[in-house]
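Engineer: So TrEMBL lists the following for this protein:
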- H134, H198, H269: Fe cation binding site (BINDING)
- 421-504: region 'Disordered' (REGION)
Amino acid sequence: MHTVGETRYNHWFDGLALLHSFTIKDGEVYYRSKYLRSDTYKANIEANRIVVSEFGTMAYPDPCKNIFSKAFSYLSHTIPDFTDNCLINIMKCGEDFYATTETNYIRKINPQTLETLEKVDYRNYVAVNLATAHPHYDAAGNVLNMGTAIMDKGKTRYVVFRIPAAVPEDKKGTNPLKHTEVFCSITSRSLLSPSYYHSFGVTENHIVFLEQPFKLDILKMSTAYIRGVNWASCLAFHKEDKTYIHVVDQRTRKPLPTKFYTDPMVVFHHVNAYEEDGCLLFDVITYEDSSLYELFYLANLNQDFEENCRPTSIPTLRRFAVPLSVDKNAEVGSNLIKLTSTTAKALKEKDDQVYCQPELLYEGLELPRINYARNGKRYRYVFAAEVQWSPIPTKILKYDVLTKSSLKWGEEHCWPAEPLFVPTPGAQDEDDGKTPGRGAHLPQSACDHSSNRDIVWEQCDPPSPAPVSQSWWKQALKPRSVGVQSSEFKESLKAPSLLTPTVS
Ligand SMILES: CC1=C(/C=C/C(C)=C/C=C/C(C)=C/C=O)C(C)(C)CCC1
Ligand SMILES: [Fe+2]
């Protein structure tokens, strides 16, 4: 919902959350939807205008009656209380389902009726101010998620936390969130400008976290209300910085000692990650800058995109490879990746640094999904929305990372959303997601050009060569300087705590 009364949100990531439910049964699909009755929704509807700030829209509570309450209402926002408009994803915790966004709030929902239930503040269970809407699950259903603890006990950290699927026998009936534990944490390079991240990767033994130069400016955030600017303006891409690749060993819960890094980039979605012959490979959708967020201002979306809003970088699937153990005596400049399955490189540098150069897999895709049974493992298929020079997808894509071929589906007057892969119960093949009885016995492979149930997949040309703007390789040739901790970082250590997460 992008308008409330006479007011209108500015950005696509602001709209009031709408829950969707699809039930696929006996060859039919049943659909229902309902607005999430968040506190934000209720306050807006009651005031008949937008009164709670979202990512791209700064809003103020009901007009204040007098100067004192006005001053109070500004001051009370010095520590921002974020929105509970959980518009990004659905998370399963034990038997419970939650609608999620990236703030400290999640909302329990009834998956059958789509009713909105309790509002949960992550900060009651783990000290985080923000958390991703893309948690991971292990085979037992335990949740692994990441959040940022801003200036907590003098430090800003990226915290990996685990919510168990089941509670201990003697605590039966209690909420699994009460048993949340910190799995590990990574100290942010900067106290006042931690990286923004939308997802992270896991393999069977490791966790991959990209500390990218797309950063939140905490000082800007803490003064955003007074300055009347939105949260989006507190995010900035620092093209002069590097992207640090943190790899945590799940067995020791400690980051690997080698400093892995790559060129500056922006990543929203990790597709998958896995281990192969002593290397960790991870596939991500990369951008050269943060222009994606600018594209999604509704004012831009109302115009003719192709004409006015060409993104400066298109979403590109890239594969990175990181060696899990680095020989200290390896020659500087040597490639530590000996795999034949990828052209991604990891170049040894001095001072325990390794520069990673990815392999380009495919250009023009977003909202990636996989068969989640393959998460953290070797896999073959990416299901995604195809996005070329317009952010509105018109096709879904099935990309085969092994053969590097792809199939596309599109139909006139159809605009696909994020494709969700639902495996056939008991399926053996990774891409077996067919409804039994409706062509389920046809062979399944990326080379299958034939009619796939009612869906006609179209075989596609191999990806076109990278356009000139995709300057990864050129940049890779430039000399790279070793990162130093900025004076801002040292200064910030003296600053008082602005956002203190609470744990009870
Ligand atoms: C409200 C709010 C935030 C919201 C972010 C959102 C809503 C991001 C959505 C991202 C999507 C949908 C990405 C898709 O690739 C921040 C910046 C975390 C911090 C400040 C408060
Ligand atoms: Fe996402």
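Using the three backbone atoms N, Cα and C, a Cβ is placed for every residue, glycine included.
Note that TrEMBL annotation is computational and uncurated.
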Engineer: Just jot down the residues in the same chain as H134 (Fe cation binding site), at least 6 apart in sequence, with C-beta under 8 A of its C-beta; none if empty.
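Structural biologist: N89, H198, S199, F200, H269, H270 - these are the non-local Cβ neighbours of H134 (Fe cation binding site), listed in sequence order.
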Engineer: I'd like the number of other C-beta atoms within 10 A of the C-beta of H198 (Fe cation binding site), please.
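Structural biologist: There are 16 such Cβ atoms around H198 (Fe cation binding site).
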Engineer: What's the number of neighbouring CB atoms sitting within 10 A of the CB on H269 (Fe cation binding site)?
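Structural biologist: Its Cβ has 21 other Cβ atoms within 10 Å.
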Engineer: If you take the centroid of the Cβ atoms of H134, H198, H269, the listed Fe cation site, which other residues of that chain have their Cβ within 8 Å of it?
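Structural biologist: Leaving out the recorded residues gives T132, A133, Y197, S199, V267, F268, H270.
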